């Protein structure tokens, strides 16, 4: 009777008690909705490239307008196929970490570790490059034709990196809001270019002639088309970003496929319209010879407010950097949860439930790359690794289809699509190495294989040093973080 009275007095039968306990647990919250997801994908894909130098496709198409526009469309469709493959994996396995989590589930621990080992080097370097490019465009108006001091650009790049790192470490909702705002701003800028060129000078006969005789000039050979295709796919890079935040998506079974099917086609349409606008105002030769196509376009169409384009480039880079830092933090968090990175990185802040240590970790590495910025050039030779990991991820989808046929899949992509993506990835990995063999590619492969030096003792044989536990304990108290799925009360206490 006493026990029953105690149970009656307690809150165990209160339906609100379950919600309280759920809130008391440490885990990533589902704060990212449909609009946020669309903003993150578009923000990740659309960076400075479409504003500054969309010349690669046109150059390798031998200035053939029809071939160039076809390649822009085909590149977008390949990106859409890849994002649909990722949508199946994201809805079936809605965990943080993107490709890392899917490769680990489908192909095992070692390929996943190689991925995170390589990404820990290349992705922060990419963020450092974006931060430096932002600093370049943000400081240039104050110096005119003179170059801005290198120290100033590096200081500004570091300030931007740490501002976004702190923002993402403090509040997911705030980071998502910033992403939405900057995505809207960059899409407004693209709309100005897309509509402005067509409306203002679209009726000129010489402009229309370029499209009427789109395929009349020289047709490129197979290797040139492949190179142009490679350039087009690079411009669409970032379509895979949503899977890094699958664990934080509201209703991922519905929102992940819907977000992908909205964002990627929207980018395809905008990219085509912007390229048509460039070709309407400028000749193909002028586009290829221009250092910044959008600036040249603005000088012709809207000279009185041409300054809006450099500003738009800086805004676009800022949004892409915010999205990239958000996803990189989730990758580090997922790797730590699986034991592939120090355990502290998998902990969450007790106040905001954000992966603050993971954000500090990834931002620190990016900062190191900014100081001797020449190191960033080394990461150019890791470009093939991105498509290698995409191929492995799509291969994981195929493996899981046959190995785990009963896995709940709210969305299923047409099975030939991942096979096409694996074949495409294999081609894009081998093509640059075969066409332009370079010793740096050997170094890149050796670096990836070097992960075995760390994997075998620390992951496979689980070598552990006791003094690291004390360091982790002190840092846990200092940063006010707790392991995921634990009470907010720290174990160290």
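Quick reminder: no glycine exception, Cβ is built from N, Cα and C everywhere.
Annotated features, as they stand in TrEMBL:
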COMPBIAS  1-10  compositional bias 'Basic residues'
COMPBIAS  11-20  compositional bias 'Basic and acidic residues'
REGION    1-23  region 'Disordered'
TRANSMEM  32-53  transmembrane segment
TRANSMEM  65-87  transmembrane segment
TRANSMEM  155-178  transmembrane segment
TRANSMEM  184-202  transmembrane segment
TRANSMEM  258-281  transmembrane segment
TRANSMEM  301-321  transmembrane segment
TRANSMEM  341-370  transmembrane segment
TRANSMEM  382-402  transmembrane segment
TRANSMEM  414-435  transmembrane segment
TRANSMEM  441-461  transmembrane segment
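Sequence-distant contacts of the transmembrane segment (65-87), counting only residues of its own chain at least 6 positions beyond either end whose CB sits under 8 Å from a CB of the stretch, comprise 41, 45, 57-58, 98, 102, 210-211, 214-215, 217, 219-220, 225, 228-229, 232-233, 235-236, 239-240, 242-243, 256-257, 260-261, 264-265, 267-268, 271-272, 275-276, 279, 284, 390, 393-394, 397, 411, 413, 417-418, 420-421, 424. Counted over residue pairs separated by six or more positions, the transmembrane segment (155-178) shares at least 3 Cβ pairs under 8 angstroms with the transmembrane segment (341-370), which defines the two as touching. Against the transmembrane segment (258-281), stretch 184-202 has more CB pairs under 8 A than any other of 184-202, 301-321, 341-370. Tallying C-beta pairs under 8 angstroms between the transmembrane segment (301-321) and each of 32-53, 414-435, 441-461 places 32-53 first.
Nonlocal intrachain contacts for the transmembrane segment (32-53), taken as residues 6+ away from its ends with a CB within less than 8 angstroms of a stretch CB, comprise 79, 83, 130, 133, 137, 172, 176, 179-180, 182-184, 186-187, 189-190, 234-239, 241-242, 245, 248-250, 255-256, 258-260, 262-264, 266-267, 270-271, 274, 291-294, 309, 312-313, 316-317, 319-320, 322-324, 326-327.
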